[in-house]
Amino acid sequence: MAERKLLVLFGSQTGTAQDTAERIGREAKRRHFHCRVEALDSYPVAQLIHEPLVVFVCATTGQGDPPDNMKNFWRFIFRKNLPPTSLCQMDCAVLGLGDSSYPNAAAVSPPRHTHLRAFPQSPVPSLAPCSPPGSALLPRVSPAPPMFPVPDLQPHQLFLPPRFTLHFLDERSRDRAGKQQGQEAAGQAPSQLHPFAAQLVSNLRVTAESHFQDVRLIEFDVTGSGIEFSAGDVVMIQPQNAPEDVQQFCQLLRLEPDRCFVLQPSEPGTPLPAHLPQPCTIQHLVACYLDISCVPRRSFFELLSWFSPDELEREKLQEFSSAQGQEELCSCCHRPPLCCSQVLCDFPHTTCAVPLDYLLPLIPRIQPRAFSIASSMLALPNRIQILLAVVQYRTRLCKPRRGLCSTWLASLSPRQAGDVRVPLWVKKGGMKFPAEPDTPVIMIGPGTGVAPFRAAVQERVALGRKGSCLFFGCRQKAKDFYCAAEWQALVSSGHLTLFTAFSRDQEEKIYVQHRIRENKGLVWDLLSRGNAHVYLAGNAKQMPAAVAEALRAVCQEEGGLSAPEAEAYLTALERAQRFQMETWS
C-alpha cells in the first residue's frame with residue numbers, strides 16, 4: 001500500500017498563514033495523509049524534487065512583499081537558470097492570503113503560483129487568493145484515488161496527538177540545561193532568533209495630557225550590538241504579556257509558573273520551536289511566547305472542542321469552528337474583540353480539561369511588532385528612536401482593549417525600574433531614499449506615519465542635503481504636533497519645507513491631501529523638473545487613496561495631463577520607485 005504523502009509549506013509574517021497551514025495539516029492527517037508542515041525557509045528546497053504533493057500557503061506583507069520566512073525560497077524559485085523540468089513530478093496547490101486594505105493584498109501568491117505552474121505538472125485545482133481553506137481542499141489536491149477507503153472524519157471524531165509533549169525537569173537537570181542554553185546563545189548577531197537586549201533610555205509622551213491618544217517617543221541604546229541601519233529601515237520588537245495577564249492565565253489553567261520543562265517531539269525529525277528556549281519555565285512560556293491576548297482564530301475553537309467534557313460547551317465550540325458558525329463567531333468574539341483568556345473564561349469546563357501538551361497548538365506565538373525607525377544613526381549614533389501610538393479602545397466590555405506591544409512598551413520606565421531591556425533587531429524597510437544628493441524628496445506622513453521621514457530628514461541634514469519637503473497632518477497643533485520644535489528649527493535653517501494640516505483646529509476639516517492640492521505648483525515642479533521622489537506613510541484606510549487622488553489632480557491641473565495620463569504617470573513613478581508607500585491597518 002503506497003503512503004499518501006503531503007507537504008504543507010507556509011510563508012507567514014503575522015502567523016495567519018502558519019495557522020492556516022497547520023489547519024490543513026491536521027485535516028490531512030485525519031484523512032490518513034502522512035503530512036508535514038514547515039516554514040518555507042526552514043525546508044531544504046533541494047528536497048522539493050522528491051515531493052509528490054505540496055500545498056503552499058503564502059501571505060503578503062508590506063506592499064506586496066514576501067514574508068521574512070519565505071524570502072530565500074522566493075529567490076530560489078525565480079532563478080533564471082532553474083531548469084524548466086525541475087519540478088515536473090510535483091503536484092501543487094497555492095493558497096494566497098492577504099489584507100484587502102493593502103494595495104497589493106495577495107501579490108505574493110499569484111506570481112508564485114504562475115511560476116510553479118510553468119513546470120509541467122499534473123492538473124491541480126487552483127485556489128483563489130484569500131479563499132478560506134477547508135476540508136474540501138484535501139480530496140481535491142490528491143490527483144489519484146486513495147489506495148484505501150477514507151471516511152469523512154469530523155474534527156471531534158479524531159483526537160490528534162500534539163506535536164510536542166512537555167517533559168518536566170527536576171532542579172538539577174534544570175540548572176545544567178540552563179547553563180548550556182546560555183552558552184549556545186552567546187555571541188549571536190541580533191536577529192529574530194537572537195534579539196539584542198537593548199537598554200531603554202527614555203520614554204516620553206509627545207501628545208498633550210488632555211489629548212485622547214497617548215503617543216510616545218521611545219529611545220533605545222544599541223551600543224555593542226553591531227546594529228546598523230539607514231532611513232526607511234524597521235526595528236522589530238519582541239513584546240511580552242503584562243504580569244497581571246500572565247498571573248490570570250496561569251490561575252485559569254491551574255499552571256505552576258516556576259515549573260521547568262523541555263519539549264519532546266511526538267514524531268522523529270520534528271523541529272523544535274525556534275523561538276522557545278530549552279529548557280523553559282511555564283512563566284517564560286506564558287509571558288514571552290504564548291499570545292494570550294490575541295483574538296482567537298477559528299482553529300482555537302476547533303482544538304478546544306477536541307477535549308471539552310461538557311456537551312453544551314463542545315457544541316458551541318464546534319459551531320464556532322464550522323464554516324456555518326462564522327457569522328455568530330464574528331458577532332460573539334470579534335464585536336468587540338475578545339482575547340484567548342477571555343474566551344477561556346467563558347468555557348470553564350473545557351478550560352479545566354485542557355492538557356498542558358496542547359498549549360502550543362492552542363495559543364499562537366507572540367509575533368514581533370515592526371516600527372519605523374524615527375532617528376538616524378548619523379544624528380544619534382548607537383541609538384534607535386520610535387514613535388509609538390499606544391493602542392487602547394473602549395468596547396461594551398468592562399475592561400478596555402489594549403495593544404499588547406504598545407501597552408507593554410508604554411509601561412516601561414527607566415526612571416522607576418532602572419536598567420530596562422527590550423529584545424529587538426533591525427531589518428531593511430520597504431522605503432529606499434535616493435542616493436543622489438541633489439534629488440528632492442516629497443514626504444507625506446500624517447500622524448505616526450511621520451516617523452520614517454524624521455529619520456530621513458535627520459540623515460539628509462547630516463549629509464548636507466536640502467530639498468526635503470514634508471506634508472504632516474494631525475488633529476490639533478497644540479495637542480499632537482509631534483516634534484514641532486524640531487521641525488520649526490529645520491525650517492528656519494533652510495533644511496526643510498513644511499506643510500501642516502491640523503484637521504480639528506477649524507470648523508472644516510483639513511488633511512494632508514488638501515495641502516497637496518493647495519501647493520500643486522510646487523509639487524508638480526518638484527516632480528517634473530526636480531525628478532523628486534514621493535513617499536507616503538500612515539494608516540492604510542482612506543488616507544492613501546485620498547493622497548493618490550490629490551497627486552493625480554496635481555498632474556492634471558499643473559501638468560496638463562488627462563485623467564488616464566495622470567494615472568499612467570503615477571504608475572510609472574511607482575515602477576521607477578519614485579513613488580513608495582508604507583501603510584498599515
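Glycine is no exception: its Cβ is also placed from the backbone N, Cα and C atoms.
According to TrEMBL, the feature FMN binding site maps to SER12, GLN13, THR14, GLY15, THR16, ALA17, ALA59, THR60, THR61, GLY62. Feature annotation from TrEMBL assigns FAD binding site to ARG369, ALA370, PHE371, SER372, GLY403, LEU404, CYS405, SER406, TRP584. TrEMBL lists THR448, SER503, ARG504, LYS509, ILE510, TYR511, VAL512, GLN513 with the feature NADP(+) binding site. The domain 'Flavodoxin-like' annotation in TrEMBL covers 6-149. Among the features that TrEMBL reports, domain 'FAD-binding FR-type' is placed at 193-434.
Everything TrEMBL records as a feature, shown here on the structure.
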residue	record	contacts (Cβ under 8 Å, 6+ apart)
THR14	FMN binding site	ALA59, THR61, GLN367
THR16	FMN binding site	ALA59, LEU97, ARG297
ARG369	FAD binding site	MET236, ILE237, PRO239, LEU404, CYS405
GLY403	FAD binding site	VAL390, VAL391, GLN392
THR448	NADP(+) binding site	VAL215, LEU387, LEU388, ALA389, TYR482, GLY538
ARG504	NADP(+) binding site	ARG475, GLN476
LYS509	NADP(+) binding site	SER503
GLN513	NADP(+) binding site	MET543, ALA546, VAL547, GLU549, ALA550
TRP584	FAD binding site	ASN539, ALA540
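Overall, the recorded NADP(+)-binding residues THR448, SER503, ARG504, LYS509, ILE510, TYR511, VAL512, GLN513 cover a maximum inter-Cα distance of 19 Å. Distance from the CA of PHE371 (FAD binding site) to the CA of TYR511 (NADP(+) binding site) is 24 Å. With respect to their backbone Cα atoms, PHE371 (FAD binding site) and ILE510 (NADP(+) binding site) stand 27 Å from each other.
With a cut-off of 8 Å between CB atoms and residues at least 6 apart in sequence, the same chain places ALA501, PHE502, SER503 near ILE510 (NADP(+) binding site), listed in sequence order.
SER12 (FMN binding site) sits 33 Å from VAL512 (NADP(+) binding site), counting Cα to Cα. Across the annotated binding residues for FAD (ARG369, ALA370, PHE371, SER372, GLY403, LEU404, CYS405, SER406, TRP584), the two most widely spaced Cα atoms sit 18 Å apart. Listed binding-site residues: ALA59, CYS405, VAL512. The one with the lowest count of other Cβ atoms within 10 Å of its Cβ is CYS405. Comparing the binding-site residues PHE371, TYR511 by how many other C-beta atoms lie within 10 angstroms of each C-beta, the top residue is PHE371.
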